[in-house]
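K.L.:
Feature table excerpt (TrEMBL):
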BINDING   B:H129, B:D154, B:H156, B:D158, B:D246, B:D248  Mn(2+) binding site
Protein chains: 6
Amino acid sequence: MKKNWLQKPEWSWNQTEGQPTYVHHWVQPLDKFAESPDLILYGAPISRSSISVSGASLYPTEFRKMWKGYATYNLDEDIDLTSIRVGDAGDVAMHTTDILLSHRRIQESTQALAADYPNALTCMIGGDHSTTACAVRGVKDAHPEETIGILQLDTHLDVRDPAELGPANGTPIRQLIDGNAVKGENVINIGLHGYFNAKPLVDYAKEHKIQMVTLKQARKDGVVKTIQDALERLAKQVDRIYVTVDMDVLDISVAPGVPASTPGGLTAIELFDALLEIGKNTAVRHIDFVCLDPSKDTNVAETVKTGVYAWLQFVTGFACHSNQK
Amino acid sequence: MKKNWLQKPEWSWNQTEGQPTYVHHWVQPLDKFAESPDLILYGAPISRSSISVSGASLYPTEFRKMWKGYATYNLDEDIDLTSIRVGDAGDVAMHTTDILLSHRRIQESTQALAADYPNALTCMIGGDHSTTACAVRGVKDAHPEETIGILQLDTHLDVRDPAELGPANGTPIRQLIDGNAVKGENVINIGLHGYFNAKPLVDYAKEHKIQMVTLKQARKDGVVKTIQDALERLAKQVDRIYVTVDMDVLDISVAPGVPASTPGGLTAIELFDALLEIGKNTAVRHIDFVCLDPSKDTNVAETVKTGVYAWLQFVTGFACHSNQK
Amino acid sequence: MKKNWLQKPEWSWNQTEGQPTYVHHWVQPLDKFAESPDLILYGAPISRSSISVSGASLYPTEFRKMWKGYATYNLDEDIDLTSIRVGDAGDVAMHTTDILLSHRRIQESTQALAADYPNALTCMIGGDHSTTACAVRGVKDAHPEETIGILQLDTHLDVRDPAELGPANGTPIRQLIDGNAVKGENVINIGLHGYFNAKPLVDYAKEHKIQMVTLKQARKDGVVKTIQDALERLAKQVDRIYVTVDMDVLDISVAPGVPASTPGGLTAIELFDALLEIGKNTAVRHIDFVCLDPSKDTNVAETVKTGVYAWLQFVTGFACHSNQK
Amino acid sequence: MKKNWLQKPEWSWNQTEGQPTYVHHWVQPLDKFAESPDLILYGAPISRSSISVSGASLYPTEFRKMWKGYATYNLDEDIDLTSIRVGDAGDVAMHTTDILLSHRRIQESTQALAADYPNALTCMIGGDHSTTACAVRGVKDAHPEETIGILQLDTHLDVRDPAELGPANGTPIRQLIDGNAVKGENVINIGLHGYFNAKPLVDYAKEHKIQMVTLKQARKDGVVKTIQDALERLAKQVDRIYVTVDMDVLDISVAPGVPASTPGGLTAIELFDALLEIGKNTAVRHIDFVCLDPSKDTNVAETVKTGVYAWLQFVTGFACHSNQK
Amino acid sequence: MKKNWLQKPEWSWNQTEGQPTYVHHWVQPLDKFAESPDLILYGAPISRSSISVSGASLYPTEFRKMWKGYATYNLDEDIDLTSIRVGDAGDVAMHTTDILLSHRRIQESTQALAADYPNALTCMIGGDHSTTACAVRGVKDAHPEETIGILQLDTHLDVRDPAELGPANGTPIRQLIDGNAVKGENVINIGLHGYFNAKPLVDYAKEHKIQMVTLKQARKDGVVKTIQDALERLAKQVDRIYVTVDMDVLDISVAPGVPASTPGGLTAIELFDALLEIGKNTAVRHIDFVCLDPSKDTNVAETVKTGVYAWLQFVTGFACHSNQK
Amino acid sequence: MKKNWLQKPEWSWNQTEGQPTYVHHWVQPLDKFAESPDLILYGAPISRSSISVSGASLYPTEFRKMWKGYATYNLDEDIDLTSIRVGDAGDVAMHTTDILLSHRRIQESTQALAADYPNALTCMIGGDHSTTACAVRGVKDAHPEETIGILQLDTHLDVRDPAELGPANGTPIRQLIDGNAVKGENVINIGLHGYFNAKPLVDYAKEHKIQMVTLKQARKDGVVKTIQDALERLAKQVDRIYVTVDMDVLDISVAPGVPASTPGGLTAIELFDALLEIGKNTAVRHIDFVCLDPSKDTNVAETVKTGVYAWLQFVTGFACHSNQK
């Protein structure tokens, strides 16, 4: 593998005898795998690119700490996730003050993982939403000939102007469209609602044909059905789907640790159902979870716990369709 | 306009060039309008009339601070609120220790606004629920010949005895009924549930024919349908409808900043849907939002954010029917 | 009555003139009753038997403090609970360091109450979940000839191995099954979901024929319907039903004061509906509420308030069927 | 005794066998005493007279709850306080909305206690600082022929204009001076520092010859020495000394539960030493502790604990000189 | 070494190249040492033996996490601690529900360490204060022929009756005196103040000739001087000195994470100076730090940071006299 | 004035009639002054250059909000600050993602202010400590011929290597020394203590002859005396003195809102005395206050209040010597 800036995390993996029963016994360092695992996890711990003060850079570490509380067995689906092999590639090394350099490292690391493990899903744990632009470009670099589509679960369009802000957390989708990495019509945003996108941004989205599905509409049609339809539609338009989950899509009452979460957002249950569905779709090759700031979370870590659960739902979905093979 | 005690608030309006895109660019001081605006906003920052310690007096200021985070564009309804002209009349000046004097000023200020701007909706931001009695009397003073009906979204009946407590926050509806400003049968309370109204208060309500709709019943019939029916029924009985939203109608899990909120209350989504519907009804001429105590809110200001969203839903409803004209 | 270790609590009962309107006027010390009351309440304030640090021992006291905020009148069901006579037996005296001794006292006290007041329902306020094993054994001691069934509302199976942990809070159901107090097939667990039970524990449950109903399934069938069916089924299998409500069955967003609550759990409304139904079932003779740690609750005591509401729903259900008699 | 509005508090006194060892075993209800006790305690739970939102009305109840954690034995002085008889007269009944009426009741209750128990010290637990004006007037009513001096431990002069604010918490000293109850030269304020008194207020104080001792000066001379000198000086000028301790005299780092406390204030140790000295002075006949808002305190109740300690130091001082008699 | 129940902690030691500069590079696992280190650290993570709810069992882990923020270089004394070799023996394995068994393991582990490494200082990180009785008995078991003296920094005497409470956290000194492990006259308690020891406990202490030094007296004589004198006196009476630091000796304003800390306690600076002095004394062979509950600490972990600093001061003192050799 | 990137702040200045009595009436926008004011205030709201997550960028706004609570009159010194004219130049405009650009703007803005107002003191409100390097270079650019000395109140040396971290908050003093803007022997650091500077950093400081004064030494000699001596010594070595106050010099118990504050640090009183002395010294021409993160502060804003007080002490010192002229 080329130089890819990935560093061993403050590690929370523990070898155990026999069949692993908890997540920290099951997920293993990437370099422990002789062959490609099914899913590769890596962290992009940067949030100094955030418009407002953010501690989202702390999420990869807290995410791994919290997974000790989760069993590998899903009772609802009666499925044991240990059939899926998950490799943890560690965190991309971030520079203290050079944001552009840090962003390049995320792009290069994603490219390296996507190129070296073409059969594995990649899952990036942010960091703020600026990391998504880097990761998608990295995927594009690894597969330049393929068309990429984005399914975005988000309260915001994230199409603010990088010419004004630089590559900040409000700009990733616009970076990708303006930079020709992804076409606007290949972006579907589900979760928009209320008063959180200024009109000029909506105008940009319309002009570039971003497919906007409001939460109100999604609830009318059923959230799971909406996700299914969106993935099906997208799968016809593109070669591979990148899913980005901005955790601010969640309602503020279930995501106090996401500063940009809002009233009227997705419930945790809705997100869990959506991710189960997403995991089942074979066109989905990449996913990220961003913008969760553990330093703002409650004393019982409600939001980080929800974040781990969300990720496991995606893996469960993947396990469902893998097991059917 | 007669002396009405309204003072410039700690102001949060900012002039902007071109089309305003955020609430603080759109709402303007009342005295900037040559003609009557469509909606007039004013604060009644008193809560020393509250039975238990309350910081609801801080809400008008926090409400205006928080609206900077809200765009004027509503994505669900695909509507731009800037077509509605909103004038901010400031806050009623409160006396430090003379509660009755403060109450009179709220009454006189409301009368002045209702008389001088007969075509505008008024929207009062409390303060505790004692302010509603003052405001309704002010409306009555401005329109003595008209019959007033009240739609009350509230976990409580607020019919405790002013003879015992004075004009405290638990008494407004009883003040109005006993004072002949409003008849009991012209009051509809939606949101009652659980164990939060002692039997003698329910007996009073029954005796005075207050229409009580429990939350359980409202959910069975559909919250929006319940609101529609209530407004339709009330519109036939009265000349103008005053809506009072005691934020304690919300469930405690979505309204930690409302000390009297309870388990089993309205969800934020239900409240937002209700207010959209209320805004659409042309018989509704006055609204208030009371009992939100920002000093008890979470570190991410969940409840104040919900309060601003709720108000915008009302305005969106109003914009929907205005635009249809 | 035999020695039963019950002590007067930090008392919150206040005599009032005339008809009581609030819970603290209505519930009375057990020794005030000439005849058996309808329902007996007692606390089991122990949590040093908890695997992780817990302040659930503080719940009985906080539960009684908070009930002052609750009226005896239920608006949804239009029913006054004062028709039901509730006797408060106080708290079982706990030893500071001898956990086994404390457990024996809970067992003996439960036995004494169940034997001396055979027509009364018993309601135990924990304490951590280890107390349930003691209480069920106490019931068995009082009624050795009867078969006991358990309806468990819980996110966890609580069948960890007492051989390893001693009689800790993760083990009560296994203590009872292994100790032949209750058969596995007479245990129904509703509320299981997600990733919170390791596979070996699920294997134990399957082996012992514990009836597991996932929350996903319960929601598909309707939570109330699921409860009805479960109670009906159980009532055919056993002589008396003991209901144990581990408050960690609640979703973390509505139960921040239950350290083991999780994302994806029961909503408060679902729990309230379930308890109304449970109260209506005549085979239910005993209930407990455990694992709520007030020291972790929010500043507005959201979880303790939910706990009192939950208990009142059970009493309301009981009042509904009592009144029909 | 005349009607004096004193009500039984949420009581925290517990009879014990043998010699009492904790405060709640030692302090007894006033009506339990056949003869006059040495010290009478009473609460004045009002804070709606406060300029900014305050929960100081909650202090009397929290004060009594917290004293359970305090033994009656003082190790530093090797003295047992049980030799002093303390009677708790309960709390003055406050009206919900009529502040002037509440104030009159405090005045009348103080008058009644001072007249009926002329040999007992009185100790009032506020409440905000407006209560001090009432209490001093009550003392004056009981002893109209005597000259009263005030020793004030305070960061503020509290001489704002009642003509503007009414009898609010910033005005008590001015109320008393302008109302001829106390002369300015008979008021000594110790604890002033920094930037917390606007110049016009200092000008008023100078004009009325209030004796201002800055904290800087007090520390230079020694806090205890400063207190001794002040009391000695005052004792020569007046017939009886009333001490008012505004808890905002404390440094913000030791008094987070006093909203008006400031950086640079008195340390807890300095306050404890001062109160020991004050208790020893025989001219001191009355004391109050005001402006502590338990709802702002830390999760370990640091400020309320400090408040109880402070009161006990005063009692210890009194016990020292009583025992010498 | 005999079986001693010591387990590898959630480890926070990291090997580094070259000279270590931070604590986590410097402290090494005990089994890495070929010869005896100078100081052995071990954790006793139990607090279910605490009278009130306590999370002090979490301290050993938090203590080791936090030391990453501390350099090995002390600027005040211009000394590098890396000259001292510190071995971390891990934590004593605790049973979930059998408190007596857990206590025996602490005793046996201490005995093993004291016997196997006779030239090393031992330093135990609690846990609640019940652990001190176990550790002192363990030392006694290892050195049965020697007389042990105790220097106790504590707000409390901790001589409550084990006959009533079992071996709880309020009883260790009495356990040792009544059990003839230590004589009362060989115990010196420094830090007593205020109202935190009931008179019967003081009577016990006097009867058994415990040397009580109040904080007031210590401050009069100088805290460092008081410590020096106490150690000198004790060194003449006994063969080896065991120092126990109950962190509740600290003032509540600097130790919010110690639930039993009180107003009027030791400042952090005073504690740091005392520990530097203690470290310098060659008769001191054992030390422990107990009763710090990280779950109660502030969001910036003020108390845990103070705890690490305190321990480093002891090591610095030891390094000072070692280097002089 | 040249382009200097200074923007109007969220303004908190209010014109008042007559003599100003509060800080927000007294401090005026810089452009209101016809002649140079005596002191110029400006904000440098950047903290994305901080090694760990920091909200110090929020301090300038919170600083100005909080000063409304401060009178212009200092009681200790009996001095009215309104004799000093203070101009607020606003905040330097920061770029969202380009840290180097933001730093250049701070440098240029400082240069512009220092050049255009040569007779005024400048006072910068940070931001993190990286801003100090920018500001000192700006002063050097304005006065290239003068030698600059630095008095640093800090727990840390801040000489980490910019080659590794870029111009982050741990590096400013090293940037200046390595960049030849300031000589090591012209830097005096007061406040160092404990274990917060790794040995290699101390070695760098010694090598470059930075004058290190430990807090222990300062306390032995007297903090004020230490400051006097340092300024006197420095004044002989250099042409102008720049004072940088890293608020982490404060003890963690008085500065919870400074994440890098430590146990054993400066008390607030010591800092206030030091700043009074610093203000009196005529060689001091520039000062900054950095590293206070309001988002970490307590609910009563203890640290921000301390920050405003600290600044006012500096102004008071300046007023003392100005008035003597």
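Each Cβ is built from the backbone N, Cα and C atoms, and glycine gets one as well.
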K.L.:
Enter the number of other CB atoms within 10 angstroms of the CB of B:D154 (Mn(2+) binding site).
P.N.:
27
K.L.:
Residues other than B:H129, B:D154, B:H156, B:D158, B:D246, B:D248 within 8 Å, Cβ to Cβ centroid, of the Mn(2+) site?
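P.N.:
Here the non-site neighbours turn out to be B:Q152, B:T155, B:L157, B:N169, B:T244, B:V249, B:A260, B:V290, B:C291.
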K.L.:
If you count Cβ atoms within 10 Å of each one, which of the binding-site residues B:H129, B:H156 comes out on top?
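P.N.:
For the binding-site residues B:H129, B:H156, the Cβ with the most other Cβ atoms within 10 Å is B:H129.
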K.L.:
If I restrict to non-local contacts, at least six residues apart, and a C-beta distance under 8 angstroms, what lies near B:D158 (Mn(2+) binding site) in its own chain?
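P.N.:
Expected: B:H129, B:Q152, B:N169, B:G170, B:T171, B:P172, B:I173, B:R174, B:D246.
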K.L.:
In DSSP terms, helix, strand or coil for B:D246 (Mn(2+) binding site)?
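P.N.:
Strand, per DSSP.
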K.L.:
Neighbour count, 10 Å Cβ-Cβ cut-off, for B:D248 (Mn(2+) binding site): what number do you get?
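P.N.:
Result for B:D248 (Mn(2+) binding site): 26 neighbouring Cβ atoms inside 10 Å.
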K.L.:
Relative to the Cβ position of B:D246 (Mn(2+) binding site), how many further Cβ atoms are located within 10 Å?
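P.N.:
By my count, 28.
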